[in-house]
């Protein structure tokens, strides 16, 4: 077949895919299989007037930071920033087999984990030089342990907060895979109060893996979305097209996934409820889907028990509709979803990559990856002292 004909066919397929995305984007807010929440409602006029405000003396910018890939708040309230120092993720950073091409150049020479005062932004702690190659996700559990994913190493690390040493490392350094002992560009970790944890895996494998507190493989769920599909029917409820971020909602026994490229949030059973030893594993069953007409590619989600709300931030989308970069909140007690554009407060986001909240829900933090790494801080109007 002539190259010109192939180009025409390819353009038609891309246009058809965009049409599918656009049609899906205009569907109303929804929860599929809505139990126990019911349908999500459109924002009311009163709710739209209640919006976060940008904190004084912020955003936080520091030219010593590389691309800021993730942020997390310690149980004490201290904000931690994960950045990539002098390393950058380029188009040629990985080959067709997802192997990182610059391992021979050594690890990032700068400290990649920075602890800052959540009020002033002043640096308090720094750690991680000469250990990581392309850090991606940062999680801090309720005991203060740091969990870091590295997409170049295809590994997940648990770091002891006292010794600042790696207490657990999963995956084989530099070797991508899809079995029980390998990852392929893992993106995020969510840790339960009992130590059970979930890994979003990630850019290649389209799955979420559940591990015991000791790091033993328990199960996996999720499957790849079908790229280029011309069907107008909804994608399967367990399909994941880059699971980019995780959030545990333990009081509802849910593990929620930011399905980045499919522009939605999906929640599955976490299987954390107390069970008899002979009970079968209950994790990974689809429960609900969160969608919104303005929800583009979902880069990050965060659940705050203090407010019983799930927060999300979207990035630039690929659909034909121009959607603003916004922050979303899902009220799980009122079955309501709200969208808020930070530009209304003078916060011009460029490539938001992560979102987190203070333990009490008073402050919202958003990490802008590039071109100038930035951490935005907003005073949350949902917070009640």
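From the backbone N, Cα and C atoms, a Cβ is placed for every residue, glycine too.
Features as listed in TrEMBL:
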type: SIGNAL; residues: 1-25; note: signal peptide
type: REGION; residues: 33-62; note: region 'Disordered'
type: BINDING; residues: 84, 203, 260; note: protein binding site
type: REPEAT; residues: 121-162; note: repeat 'NHL'
type: BINDING; residues: 136, 353; note: Zn(2+) binding site
type: BINDING; residues: 138, 354; note: Ca(2+) binding site
type: REPEAT; residues: 170-214; note: repeat 'NHL'
type: DISULFID; residues: 184-204; note: disulfide bond
type: BINDING; residues: 244; note: Cu(2+) binding site
type: DISULFID; residues: 256-267; note: disulfide bond
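Taking the Cβ of residue 203 (protein binding site) as reference, residues of its chain lying under 8 Å away and at least six apart in sequence are, in sequence order, 98, 151, 184, 185, 187, 242.
Around residue 267 (disulfide bond), the C-beta neighbours below 8 angstroms that are at least 6 residues distant in the chain are 249, 254, 255, 256, 257, 286, 287, 288, 289, 290. Residue 354 (Ca(2+) binding site) has 260 as its nearest neighbour among the recorded positions 84, 204, 260, going by CA to CA distance. Its own atom aside, the Cβ of residue 256 (disulfide bond) has 27 Cβ atoms within 10 angstroms in the protein chains shown. Put simply, residue 136 (Zn(2+) binding site) is 15 Å from residue 260 (protein binding site) when counted between their Cα atoms.
Summarised by DSSP class, the composition of the repeat 'NHL' (121-162) is 0 helix, 21 strand, 21 coil. The residues of the repeat 'NHL' (170-214), classed with DSSP into helix (H, G, I), strand (E, B) and coil, number 0 helix, 19 strand, 26 coil. DSSP gives residue 353 (Zn(2+) binding site) a strand state. Other Cβ atoms within 10 Å of the Cβ of residue 136 (Zn(2+) binding site), summed over all protein chains shown, number 25.
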